[in-house]
């Protein structure tokens, strides 16, 4: 298994999924995270988020770095849109608002936590139609298709791809939001 998919655990011997074929890895295996002892203790309240808690830090302004770009005041990166700069500024903050309940790793963005949780659950919703190998991320599937099967991306640069709705409880996938909503209702009813 590539190192990118390995996650450190406080468990003495983490579960080894290497012997499982991809067909079984795609099915839901949700470990009991309570056995890991929960996430590490929150940071003390004396540690403050410099981006929201202190008004004196509110004077961080983005310096234009060229026509139509906004520069980060803390590093040399530049962005075409304010929302992209705002998202980037979170990477400089020491506070991680989204904590993994299994290992305690923190993330700035809720989606990054959702993607990380797949390393614990084993859910691999992106399956190769040619060989059946499954992946946790769409970009990994696309790289596999290009390298192994020689299939170039079937979309143009910056073209929006079809969204895949993934149930993080059981691994169910659907490209239709109404089908996904019906499936989620089954989990709530149970």
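Even glycines carry a Cβ here, placed using N, Cα and C.
Keep in mind it's a predicted model, so treat the numbers as computed, not measured.
Annotation source Swiss-Prot lists compositional bias 'Polar residues' at 41-62. Per Swiss-Prot, region 'Disordered' is recorded for 1-21, 35-65. Taken from Swiss-Prot, the feature zinc finger applies to 70-92, 98-120, 126-149, 165-187, supported by sequence analysis.
Helix, strand and coil counts from DSSP across the zinc finger (70-92) read 11 helix, 4 strand, 8 coil.
Per-class residue totals from DSSP over the zinc finger (98-120), listed helix then strand then coil: 11 helix, 4 strand, 8 coil.
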